[in-house]
Amino acid sequence: MSSDLISQAESISNIEILRALFITDTHTTVGDVAVPSAEPGVEHDQISPGESDEEIEENISDQNNSSSQKRLQNAQFEALLTRRAEDTSNENIDRVPLNLSDNELSIAHLVAKQDVGGGLLDPREYQIELFERAKAQNTIAVLDTGSGKTLIAVLLLRHVLQNELNDRANGKPHRVSFFLVDSVTLAYQQAAVLRNNIDQNVAHFFGAMGTDLWDRQVWEEHLQQNMVIVCTAEILNQCLLNSHVRMNQINLLIFDEAHHTKKDHPYARIIRDSYFKASPPQRPRIFGMTASPIDTKGDIIAAATRLETLLDSRIATTSKITLLRQVVSRPIEKVWAYDRLESPFKTNLHKLMENRFGNVKALEGVFRFAWYASSELGRWCSDRAWLYALADDVLPKLEGHVNKLAESTAAATERDMAFKEITLIKEASNIVKAHTFNDPEFPGELSPKVRLLQTELSKHFSHAPETKCIIFTQKRYTAKTLHELFTILSIPHLRPGVLIGVRSGDIGGMNITFRQQFLALVKFRKGEINCLFATSVAEEGLDIPDCNLVVRFDLYHTLIQYVQSRGRARHYHSTYASMVEKDNSDHEARLREVREAEKTMQNFCETLPEDRILHGNDHDLDSLLQHEEGRRTFTVKSTGARLTYHSAIAILARYASSLQYEKETTPQATYVVQSVGNTYVCEVILPEKSPIRGLTGSPAIRKSIAKQSAAFDTCLLLRRHKLLDDFFKSIYHKRLPAMRNAKLAITSKKTNQYDMLLKPSIWRRHQGILPSKLYGTILSLLPSEPLSREHQPILVLTREKLPDFPAFPIYLDEDIETKVVPRSLDTGMELSAEELRALTTFTLRIFRDVFHKVYEQESEKLPYWLAPAEPLDANGREPGPRGIIDWKTVTFVQENDEIVFSRDLAPESLVNRFMFDKWDGRSRFFTIKVMEGLRAADPPPSSVPRRRHMDNIMSYCLSLSKNSRARFLAGCHWDQPVLQAELVRLRRNLLDKLTTEEKKIQTECFICAEPLKISAIPPSIASTCLAFPAIITRLDSYLISIEACDELDLVIRSDYALEAVTKDSDNTEEHRGQQIHFQRGMGKNYERLEFLGDCFLKMATSIALFTQNPDDDEFDYHVNRMCLICNKNLFNTAKKRQIYRYIRSRSFSRHVWYPDGLTLLQGKDHSKKMLSQAKHALGEKTIADVCEALIGACLLSGGPEHRFDMGVKAVSVFVDSPSHAVSRWKEYIGLYKPPNYQVRKAEGAETNLALQVEEKLGYHFRYPRLLCSAVTHPSTPSTWYFRVPCYQRLEFLGDSLLDMVCVEDLFHRFPDRDPQWLTEHKMAMVSNKFLGALAVKLGFHKHIKAFSNPLQAQITYYVEEIETAEAESEGAVDYWVVAKDPPKCLPDMVEAYLGAIFVDSDFSFEVIEAFFQAQIKPYFQDMSIYDTFANKHPTTFLHNRLANEFGCTNYCLKAGEMPAIDGMPAGVLAAVIVHNSVVSEATASSSRYAKIRASERALVVLDGLLPYEFRQRYNCNCQVVGNPASAPDIGTAI
């Protein structure tokens, strides 16, 4: 509806506007307003009062864009959640955990354990008689309590189900039987009876299971899976109205306690709104059961006839009364007459309480009962009521009740009164606790009525200790007080209990759950309780075991109460006692009336003609339905769903609930009814997040009709705007922000192959041209301990000057860490052609002698040259650029292809040489010494590595073929010395330590020189050159990462650049997880920088959004920020800039390090291997993570003016959005235009607030109104207090600033900690728990401006608790950990304060750091004390177990809300899913504790499993095939 239309039509009623909007004419005039129709040619909803109109709507399809694996696991969890919601109620009764105590069992198991209804099928003649009648026609069976009405229903059900199965076999549509009950406890009980006697699936549902949220599909599944459904009547009523279930899908409707069918009871609404709306052939059979067809005073015959008409049935009872009396014995009825009671009076305690607290509205009910009890029960009972009405567990409920009433009005006086009431209630509780109660046995303490009850019970239990007794009271307080009294009186053999009804939202100490109610019945059945004080809940339907004494402490008011309560006395020779006051004419009249009414009812039932039909009652039906006239209905033609006045209220409640956002309290629709003349008008106000805020309904003569009419019109308006679907379900599902899952909208699976740079472009530039000038980079090795051989520095000469590289480690000898120190020379050197040729020869000789590769001598094609470097002179100075090269060695190598062996060579000259086998690249040796005791003809010692020829040392060294070997051995010098030598391992990846297999290789050898080549290269140079493959691999990686930075126009230190693009396993992002396909020796990977960059990205975008969108609310900020920082956005930018080419996902390769472009003459060609390695598989999330890591690298690299400048620029590069188009930190200030509220002159109160805070925290506000905004709660009306926006915007900004300052501190303080550790410990620093305690420490709680009394009470309680915790902590800084969670406003205020000082200081991050150092860091100097805050969490353990020990990456931990069951609060189900298997599940009151329990149970299941057993059990192939799933959704430990 347009705003213009609304503004023009303010004076016109909403219903008229609605009619205008729904008419299909081109224009319809409403008053003076012309209302255009919607799209022409489209059929629209038609509304006319008093008629049922229909519509056709287009279906709205849902789009599901999640990945298949996530979708599968989500679907599995949703199915599990639905199943558990059912299972919690429809538990498998064949598997009752009998080893548990009753207190630990659910209601369903308690019912099963008691075997309710077991062995029931033994029908008597009168039951068969009524069964035959019920088969033939709709019937209301009227039989005494205990006479077996349920058995008749079972017989009828079996008959109907048999016919149904036959119909299904003949292809007819499936239909289901519904057994309707009036209470949750009866749903359990009757379902248990049916399951014991019917061999088909029986389900039972009730509202607390969340049935109102089930959609058509869920109901279709239940109808397919079950033949019988037991449920509370309102569930079926709503299903029929929403068209989830249609009347023609039901074959039998059974109404338990059918006398409730009257007025607006769900029984009556089912018949009126759905049953009679269906055509007669589509209506199901009806069977009603009751002990008396009426439960009101008045004309009994008329009431019975009205019941017959409304249920479209005939009342029937048995003609075999004698047989019935044999089965159901009537108790002996007695009257216990007590002396006349005193008039109500005020006890001393009552007077005291009235004088002090008589004006407290919340205690009015207690005052009333205490006044009543003084007469009915006596002085002691009157006073005792105060004790549990003001008990400690009741006080919070009373206070909440007071606050809720206060919040319903905007008057300040009401809120002040509420605060005073809470204080008075606490004071009243203290007075009652201090009061001394008399002994109830003292004279005058109990009323004559209670004294008589005491006397009679003592008599019965002393004469018959096995007595079982039920005492019926009218009031819940009476039952509870009497229970307490008789517990104290301790009558021998009497074991009292209490049974009162469940009443949601009850206060005053009367709360009870369905579970407690049922446990009381179980104990009564077992005899643990033998005297039950009960209200009317025990009268009706509940399967209470035989009693031999029933007492009406408070006399009945209706026939049905009399019949039902008397029916509890089922034991032979039982007594039914009515307590009446002597000389009380009213009591005597009631005794007389119920007996006469019962006789009249019996006569009516017994004299019903056999062939009486209902046709003559049509006029009665019309009269019963007449009051529905004028109440419009609306039907969706496509589905049949119907909207009525009654259903509209429930539909709006569900719609409002669907708007719940994250952890908000459940939103509600608000109804404001006002009188207008002689009529009432209701305004409906929907929650603030609803696109439609509500409307004002039409006038009505009654408040209830006005409310229903407005709700009805609001539903139509929601339909018009497509906010309710074809079943009147909300299109929202407890909606979270749009795109809230954007960060998860990509996959980390290896779904794509991307190009990967193998060599930096610098080697290709100018290749093919002979250089005249070269630039040198010295490679020096600094071992951490002495090496076995000398390693002389070498020089890498390049056409272009190489950048400066950081030092990095390699591992020489037996894993001695050795630092490679590259240093680029500042000036180049001019070289002659001859010098260049000599360097080329030296370089190619290294490749031949050391690496068994012979290249053609093509100087112009070499990408770089190697040369020996001169050592430092005596003064530690290097020679000049030309002098740095050891030309003497270069010349010697150029002039000597090898050192030729001859017999004239002195043996000592063969020591400390580098020798190699020309024909075998595996044989490279460093000679150590001459072995005097060995000859060439001797067999090699047994310790040497095994070779093919082991007959003698000469043959051992020879790798020639058979013929060549024979010729060589015939002509060689057998008298040459034997040398001890070290075999060079084939290992090339010196960037990593030795593997276990490499350590096993024996390197000591004994050789002769003649079969080998003696290299002209000095051993010290050869030793260094053996490390060159690892060194050049690392230098290549540095150069490629620097190219990436150049591509992005970012200046980043080379070590940070490489770290940011290094992915050393398939699942690097899964911190602490067992790394899949781990690449050894790659150095640091991107995970720490990604952690830092992610935090800076969040802060930078938060600042940008805050500065450019001053009118957005926190909700918009969050959503817009998520769109900027989501992985999908980062991935798209990275893909556009081809960042994937620069990512290093492979470690050292033996095939890739060789120079490109040379002609290979001898040796293995690796060009094909290089082509295959030019692609790598990357997940989209990896690429996005690298973007964040590059941001982190920029942050550490600093900037030209501000240390964050390069980080800011990187954020702009990667988010690629106009929302963040800044390249320097100071540009944020230019974007920010201070809003009017900030720059407006501060008033006295605002200045005073700023001064108070400045005294405590030291920061001086230039704009005090920013601070005022930081302490203004969202509940505060905009016209109150400082008239500034609430703190939410500043809190959004401050949250990101706090994250950043904490992350930076941890990052730099703990350089070796992984991101998971950093995250877990950051969680402690930014947790609401800590920030709440800090807010109290800093006194922020005193300054909050809020319009919420509950909030003030919560703050008061929290402050008391946290201050107590601090006082008792003996100086421990982690005292806050043990406290409960604070009200969220307190941590929000701390974050808002940070946002305020940041803005006030012109975006100075230094003020944030100063606050952190002064106020936060002192609590976190020793981070080890917070290890258990998250790291010891079961969820973290589970994550480590699955990822590290089992190598599984395809698992998740899901949590979802469960409906309230057994009268308990709504719970949360959590489940651990591994691949497609649910490993464990658990329920708890919150997601946090459900996840903890599920994780603990999963750890128990996994305990003792070996990895291969795990893989077999859960079909896990993560480790085997190396196909990592998306990042496990394991949840957070906090």
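Positions of Cβ are set from backbone N, Cα and C atoms, glycine also.
As the structure is a computational prediction, the values presented were derived from the model and not from experiment.
What Swiss-Prot records for 51-60 is compositional bias 'Acidic residues'. The domain 'Helicase ATP-binding' annotation in Swiss-Prot covers 130-311 and is backed by sequence analysis. Here Swiss-Prot flags Leu143, Asp144, Thr145, Gly146, Ser147, Gly148, Lys149, Thr150 as ATP binding site. The domain 'Helicase C-terminal' annotation in Swiss-Prot covers 456-613. The domain 'Dicer dsRNA-binding fold' feature in Swiss-Prot is assigned to 648-738. Look at Swiss-Prot and you will find 888-1016 tagged as domain 'PAZ', backed by sequence analysis. Under the heading domain 'RNase III 2', Swiss-Prot lists 1250-1402. Positions annotated as Mg(2+) binding site by Swiss-Prot: Glu1291, Asp1388, Glu1391. Marked as domain 'DRBM' by Swiss-Prot: 1436-1504. The Zn(2+) binding site feature in Swiss-Prot is assigned to Cys1448, His1475, Cys1516, Cys1518; the stated evidence is similarity to another entry.
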Assigned conformation of Thr145 (ATP binding site) - DSSP reduced to three states: coil
Three-state secondary structure, which DSSP defines for Cys1516 (Zn(2+) binding site): coil
Cβ-based neighbourhood (8 Å from the centroid) of the Mg(2+) site, residues Glu1291, Asp1388, Glu1391 excluded: Tyr1287, Gln1288, Leu1290, Phe1292, Gly1294, Asp1295, Pro1387, Met1389, Val1390, Ala1392, Gly1395
Nearest of the binding-site residues (Asp1388, Glu1391, Cys1448, His1475, Cys1516) to Thr150 (ATP binding site) - Cα to Cα: His1475
Arithmetic mean of per-residue pLDDT over the domain 'RNase III 2' (1250-1402): 88
Candidates Lys149, His1475: member of the binding-site residues with the richest Cβ shell (10 Å): Lys149
Among Glu1291, Asp1388, His1475, Cys1518, which are recorded as binding-site residues, the nearest neighbour of Asp144 (ATP binding site) by Cα: His1475
Pairwise CA distance, Ser147 (ATP binding site) versus Glu1391 (Mg(2+) binding site), rounded so that it is a whole Å: 69
For Leu143 (ATP binding site), the one of Glu1291, Asp1388, Cys1518 that lies nearest, given that the binding-site residues are compared by Cα: Asp1388
Site of maximum Cβ density within 10 Å, from binding-site residues Thr145, Ser147, Thr150: Ser147
Local Cβ density at Cys1518 (Zn(2+) binding site) - other Cβ atoms counted within 10 Å: 26
Other CB atoms, at most 10 A from the CB of Cys1448 (Zn(2+) binding site): 25
Gly148 (ATP binding site), number of other Cβ atoms within 10 Å: 22
When distances run from the Cα of Thr145 (ATP binding site) to each of the binding-site residues Asp1388, Glu1391, Cys1448, His1475, Cys1518, the nearest one: His1475
Integer Cα-Cα distance in angstrom, Cys1518 (Zn(2+) binding site) to Lys149 (ATP binding site): 60
Integer Cα-Cα distance in angstrom, Lys149 (ATP binding site) to Cys1516 (Zn(2+) binding site): 55
Other C-beta atoms that fall within 10 angstroms of the C-beta of Leu143 (ATP binding site): 24
